[in-house]
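Q: One structure, as structure tokens, below. Some questions next.
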């Protein structure tokens, strides 16, 4: 039933563009390397991770890279990757991935505030922390607003289609700001821990710089897949004109849902 | 003649969207505040700027914020701001702003390498420097390729229209990477110079954090103006279909030029 519905939405949605799977695979390779390399950095040079010791701090970068970079990025890609699935399913997956990302990021936040409290360090003085709090609050608000408009039933079609481009823009912007904040945090960790050894090209510094470049590349890859015009699902106007009645009949979904 | 030509391109280009000027004005206010605040930071807390002394380093952040952030951002906005001008004029302005940005960034690069050489500091060990060199090389390559495809006559129409979306994507990405690199540099300067005083909420630290947030906001504002679908010039396909003959007749411009 879903394939009938989608074939009504026009040719673009019914088939997957040839190059898209390769780009998605590349982005996932980058993302997984990113997570593995963050783990390797913390394990090899920062003593590993534990909750009840000084190593609690190390939970912070790992959670943030998994949650606010890798999972958040993947949540944005859901509409490109599952372009031939029913929109409702894709939407729920998109929302769920963002929930996982939020929860993991929250654990990462608790880790660093708890560590600071135990050590008696000041909170929220650095540019990294300011950007981080901003990202987290914006991400939470974006999730809430997105949920109320697109998943919670009842938002009128006109409101949804007016909010949709804003949701997409702010989603991409919050993701990019997350990547930027991760870069600031990495830089902070390096300057705190390595000091003068950083300029002597210590292995830890080189590894962390490569990790930083990978973070930027992952951000770029997700942005490329998101913004390529011919990889988008067909526009709402097309969808509405072509398949509103079919969608309502076959899926029982509200017309024009994201 | 230009207005005749543009009115042939479809209604979207002939009039300016109501909200666009306000958003552009806001972005310019942000950009100018950014430059002024960078100057204030260097003047108030870092001793000002001079070429033949230790203050040579301070030319680096100022040049980079003016060139690779403010001017580069404005160069991207040219197609939105001058949407009712002849495309050739807009294109030349776009190219020229990027040349200014490149030259100012080159001065900023020379300043920091020269300063490192005089002080005997190591070059290119930090994540900021790696990202910075990457940005500069990509920016230069993007300019060269953009020039050969769009300003230098002779590139066939098919090649132009295939390269155009890539040029736009990489332009926006290089701009965002420039903003990210500036944030990393700011963070580096703060941690080198303030040390423990950073966590005591010293005025310099707070000022620089605000500067960092403004940098991110300027990046976001430019990205918003660039990506808003209804603020774009009409697409090339439309343009070609509707006005190719009129353009060729009235402007003598090659059809489908960017």
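Placed from the backbone N, Cα and C atoms, the Cβ positions cover glycine too.
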Q: Per TrEMBL, which of A:167-186, A:227-246 is transmembrane segment?
A: A:167-186
Q: Does the transmembrane segment (A:20-44) reach the transmembrane segment (A:206-226), going by 3 or more CB pairs under 8 Å (6 or more apart in sequence)?
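A: Yes, the stretches contact each other.
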Q: In terms of Cβ proximity under 8 Å, which residues at least six beyond the ends of the transmembrane segment (A:94-113) contact it?
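A: Cβ under 8 Å, 6 or more out: 51, 56-57, 59-64, 66-68, 71-72, 74-75, 78-79, 123, 132, 136, 139-140, 143, 146-147, 151.
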